[in-house]
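**Q** Before we start, here is the structure in question, set down as structure tokens.
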Amino acid sequence: MGWWSLGSSGSKADPEKSKANDSKSSNRRQQEEGEQSFIPPPLTSRTSSSSSSKSTTDWNSSLNAFDWSQFKQPRNLIPTALLTGGILFVVYVQRRYLRRFPEATDISSSYFRSRSLLGRVTSVGDGDNFRIFHTPGGRLVGWGWLPWMKVPTARKELKDKTVHIRLAGVDAPELAHFGRPAQPYAYEAHMWLTSYLMNRRVRAYVHRPDQYKRVIATVYVRRWLDFPPLRRRDVSYEMLRRGLATVYEAKSGVEFGGTENERKYREAEMLAKNRRQGLWKDFGKRGGVNFESPREYKTRMQSLDMSAESSSSSSSSSNTEKNPGLVGSLLRKVWPFGSKKDGT
């Protein structure tokens, strides 16, 4: 009857036919694998160049890519902000509080009537002016005790490095200079100011510059041998109280540093007058010498200088007329008619 019958389950299939189907499926799989492994050659040079440039661009873009999100993390953001803020704060403090001015002409205009200078007195030129070496920050930043922040003492080292200060509100007797004689009590005022300020640290509240490349300032000093110790003293007030200076009087350019200082200075001058201290010793006495203030002394010296200049110019012109010189003598020989003074 054969191996296949109607009652048997399955499909009617021939063994040879199934083998053929298996061979076809294997051939199909091999063909698909061959297509996948096959890489077609480049079509043109243009296509290859475009693909290479594209790959180069992708490589550069991947190298230049930067991830900014890492800076937004607190572990990176907080130290960066603190470091930047610290640098800006140090620069601000240095420019505003630790900037050193070599001379009075270098002082910034923002300092006048609002800021002060801390420095050490290096020389006293007269009874009302002296020079300081500006030391911004003082001992707190190392001036005087750090090796590289010493105040110079030699005259050559101090050249063009000191601020010339004129005391505000006072006028001291003039020392002898420019051929002029010294005024009474000029030496005493100069010696007192030298002993009071020399080599000491002072604080000068600057008001404005003057025509002599100085800066007018109200100056304060602290001394250990004071009562109470280290009490802040106004140098101008102390000079007026001791009768070593007068209140500055002029038609213009008077600087007191405020109305309160002017009132205080005039009261100190009046007190010295009443006590007849210093240069007020013979003031108002009958038969005593006539009192001459520093302002009156300067005015008298200026008038004497002007009269001396006028007399010297007139004498030089008369000498020129009497002695005409080589050119004049030659002209007289050429022109024999003389002059009007000869009566012709």
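A Cβ is built for glycine as well, from the same backbone N, Cα and C atoms used for every other residue.
Below are the features I grabbed from Swiss-Prot:
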type     : residues : note
COMPBIAS : 1-11     : compositional bias 'Polar residues'
COMPBIAS : 13-22    : compositional bias 'Basic and acidic residues'
COMPBIAS : 44-55    : compositional bias 'Low complexity'
TRANSMEM : 77-93    : transmembrane segment
DOMAIN   : 115-282  : domain 'TNase-like'
ACT_SITE : Arg166   : active site
BINDING  : Asp171   : Ca(2+) binding site
ACT_SITE : Glu174   : active site
ACT_SITE : Arg214   : active site
COMPBIAS : 300-309  : compositional bias 'Polar residues'
**Q** For the residue listed as 'Ca(2+) binding site', what is the secondary structure state per DSSP, taken as helix, strand or coil?
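**A** The residue listed as 'Ca(2+) binding site' sits in a strand per DSSP.
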**Q** Restricting to the recorded positions Arg166, Asp171, Glu174, which ones have a CA within 10 Å of the CA of Arg214 (active site)?
**A** Arg166
**Q** DSSP says what for the compositional bias 'Polar residues' (300-309): how many helix, strand, coil residues?
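**A** With helix first, then strand, then coil, the compositional bias 'Polar residues' (300-309) has 10 helix, 0 strand, 0 coil.
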**Q** Across the domain 'TNase-like' (115-282), what does the pLDDT come to on average, as a whole number?
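**A** Looking only at the domain 'TNase-like' (115-282), pLDDT averages out to 94.
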**Q** Measuring Cα to Cα, tell me the gap between Arg166 (active site) and Glu174 (active site) in whole angstrom.
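**A** With the alpha carbons as reference points, the distance is 14 Å.
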**Q** For each of the active-site residues (Arg166, Arg214), count the other CB atoms lying within 10 A of its CB, then report the residue with the highest count.
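**A** The residue with the densest Cβ neighbourhood is Arg166.
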**Q** For a quick check of packing: other C-beta atoms within 10 Å of the C-beta of Glu174 (active site), how many?
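**A** Excluding its own Cβ, the number within 10 Å is 21.
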**Q** Looking only at Cβ atoms, how many others are within 10 Å of the one on Asp171 (Ca(2+) binding site)?
**A** 22
**Q** Quick check: in three-state DSSP terms, what is Arg166 (active site)?
**A** strand
